[in-house]
């Protein structure tokens, strides 16, 4: 037998037992005539002692180096009271080694487990990086999450049904990864960006509660929290309303946090998209941050200051204020840095006002813009934002998008910089009632979620007549500023689906070519249905306390969508390309 126990599982209950351990040398120390090693496996570390009583094992131990793969047979003994290590789960015991076998030696490592390595090193030698206890713990947590999800779904009547990986390219927002067909020359499969259409077809097939933990693929520019291939917890239901779907999913996330962290998330507040953008400048607000945006354009229409009266009198303008409590200590240098920061989002400047003494009116404030404000306007402003002595006010004034984006980002930065964001808290919420459509960079209408989302209380005729007023029956779950899941009630009426396609500029011929199977299926008694998908990678990020999605994926890609370990992607064999009728044109 190669193993009877895991290293990290040993404790006082095992004292006196003979054990066989298999794992790696984490560290070695020579103390006089004794040799100690910390031995590691996926469950943790235990101290092993080599004593002259077992001379053969001691002699062999002298050749051990870090990351040798070994087997130990010995007895679990109690550590002396003065040697108990309270920082280790196994710190009350050690193993007295009676025999030692070396499975495999290890060359000097290209990584140093005791120092920070570059991300490039970590990804190139990922198999070594994953040996680090913190990485092993993250992947164990991920496994616990998927185990919990499967149990929860099974208990609530959901069926785990697989959907195809090789499918048809359909417009879902990002670029597809294409797979050429050898049999059907010149034709391509697409790897799915999500199982969206297949799970809707399953609802039409009568499987009223579906789920799947599934790989999805998007060929898009990457960020710290994005990967070209990612994992979704995908869910779809029939005959449930949006609030009922949210209730089930909220219950699942409650259980997940309770089982993983021992944390009670409490009742999730529900907030409309409009309120989230107005108060926080984001559709995924981090409610740990107490700062809010307050609209003041109506108070500044008559001021003789172009920066303010322009947006104040523009129907598409916005002036928003962030009040920072006790912020008068913020220096001019810091204000200049914040001004540069909002410039990233298109803002042309950042006005500010320090409140030194409310009772003194104009004499009690300090600001380059104070000279443009009357006593009445100043008083109304200070009352609107509920200013207190010692506060500083920051003003954003521009078109609606620039002001909202810039001040929303500034709110987050101020929260971090000034220690206002309560990092130890968990603040979940639902965001609902998104716009059905938004304008893309060319000014055309695009679906804010996807083209299969149902509008709220709109007929096809009303939607076609006034699409920009439509609200989507959609919902996102947000935790600490991260969108962890999103979903919607789906369109189940063929006329409504065709109307949405037309609004998006998809003509009838293109509808038949790309979505003919869906439009046909909608004609045969399609039930009302709704669903949601969680990002498993992002959930695991939150539950393990990392801010890099690559830390919770065993073999992730870089921000250039490359695998440094296997050197993927690589050039294909010319013969294989010939069989696929694919020609590679070299870029000049």
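Sequential numbering from 1, following the chain as shown.
Cβ coordinates are placed from backbone N, Cα and C, and glycine is handled just like the others.
Keep in mind that this is a model prediction, so the values were computed, not measured.
Annotated in Swiss-Prot:
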BINDING   172, 218, 449, 490  L-aspartate binding site
BINDING   218, 219, 220, 227, 483, 535, 536, 537, 538  ATP binding site
REGION    196-199  region 'Aspartate'
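Note on the region 'Aspartate' (196-199): residues 163-164, 167, 170, 172, 210, 212, 234, 236, 450, 452, 518, 531 of its chain, located 6 or more positions outside it, place their CB under 8 angstroms from a CB of the stretch. Here residue 449 (L-aspartate binding site) is compared against the binding-site residues 220, 483, 536, 538, and the shortest C-alpha distance is to 483. Sorting the binding-site residues 218, 449, 490, 538 by the number of other Cβ atoms within 10 Å puts 490 first. Residue pairs drawn from 218, 219, 220, 227, 483, 535, 536, 537, 538, the listed ATP binders, are separated by up to 20 Å at the Cα level. Annotation: 483 carries the greatest number of neighbouring Cβ atoms among the binding-site residues 220, 483 [cut-off 10 Å, Cβ to Cβ]. Just so you know, the Cβ of residue 536 (ATP binding site) picks up 23 other Cβ atoms within 10 Å once every protein chain is counted. Note: the Cα of residue 490 (L-aspartate binding site) and the Cα of residue 483 (ATP binding site) are spaced 20 Å from each other.
The secondary structure of residue 483 (ATP binding site), as reduced to three states from DSSP, is extended strand. When secondary structure is read from DSSP and collapsed to three states, residue 490 (L-aspartate binding site) falls in the strand class. The DSSP secondary structure for residue 536 (ATP binding site) is helix. Mean per-residue pLDDT, taken over the region 'Aspartate' (196-199), amounts to 97.
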